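Engineer: What follows is a structure written as structure tokens; I'll ask about it next.
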């Protein structure tokens, strides 16, 4: 009896001690703020609508982007050298189930190339493709990039001194990647470079426009972006019209909105197929800088100054790009864990809501790091396939999906003059349109849905008007 009583007392003491831990980890929906963010005017075009369909994204960080490690015996060990765990379909399924519709897969290619032509290892390429397929099979969108490849010797480096080797690297690597994925549809997006910058320079992380080295670097980035676009387009197949992402200096908001940055030209017929790539951990002392390095864990959702730390760069992006119908994706954002869950929930909810109001997509940076004093950007525990901070994710999902937007426009296929009817006037207009020497792609004229407007569409429209085809496509 005494042993039984002692056991029960011991059990109760342990159970009572665990209660605070259980309560501390209990889900708290009340942390998610109720926001009313005024919606900006968003142009209606294919590029903007495409990005809208991506909804919300998640980064498979510290995985294929790893370029060193202590336990690497074969090249596939790079995948686990930083995160410690191999990517599985179960992980991607959990990401999809939580509400993410896009996965960005950062890849560092330079440890896996050989020879003067930068031949990519088939073993590495096959494994990357396998994980891409995990996402594609879930009907998710995928962004594939070149990540930690900014290197004077092994990769590319955006300065005039290294432009010859940089151009060769970018064109060689992207020709191979594009060829491998040429038959993938628009669910796969290519991102030419990740945070291109002058590594080791005093202005590595800030585009100081009074510095001639920085201006030279921006001009080189412009050229490398153009080389990337030209290379991918030249491989043909679905790459001829694939959506592509291009960054400015260090992929910062200022890098993309300064007067020296130029978006690359695209081939005729591609309208708004080039997406501006931006990374923004703003304000950095809260979102990215660890407490041990002088960061802060404070950010007040009701303070106008703190709000402006988010809205200033989004307004700049909106004014230069999305308000003009040029799509933008924030490929990396987030807030490191500083034992400040409530603040991070409010910050990420506010961040996504403000971006959504401006037609900008957000992709959460997740490096699977949950301990220590550094960049604790871990959100999804890849071993348990559970989100450690579900309130943060649910806040992001809430405002990525529920922000007030105009309804998708009704597309009347074959309606050349946009009067709501399809008749002989539209046939005459489409015929004249096709005979023009150079014409842009117009979605509602593509009546056979092959991503081209040509004589085949005219023939189908004729059959429809003659009663030989019962109906045209609809959205």
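Note that the numbers count up from 1, one per residue, in the order the chain is shown.
Every residue gets a Cβ built from N, Cα and C, even glycine.
According to Swiss-Prot:
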type     : residues : note
ACT_SITE : 147      : active site
ACT_SITE : 195      : active site, proton donor
ACT_SITE : 332      : active site, nucleophile
DOMAIN   : 409-474  : domain 'Dockerin'
SIGNAL   : 1-26     : signal peptide
Engineer: Using DSSP, how many residues in the domain 'Dockerin' (409-474) fall into helix, strand and coil?
Structural biologist: 26 helix, 2 strand, 38 coil
Engineer: Within 10 Å of each Cβ, count the other Cβ atoms, then let me know which of the active-site residues 195, 332 comes out lowest.
Structural biologist: 195
Engineer: Using DSSP, would you call the residue listed as 'active site' helix, strand or coil?
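Structural biologist: Assignment for the residue listed as 'active site' reads coil.
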Engineer: Including all protein chains shown, what's the count of other C-beta atoms within 10 A of the C-beta of residue 147 (active site)?
Structural biologist: 24
Engineer: Can you tell me the CA-to-CA distance separating residue 332 (active site, nucleophile) and residue 147 (active site), as a whole number of Å?
Structural biologist: 12
Engineer: What does the structure give for the C-alpha distance between the residue listed as 'active site, proton donor' and the residue listed as 'active site'? Integer Å is fine.
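Structural biologist: Cα-Cα, rounded: 8 Å.
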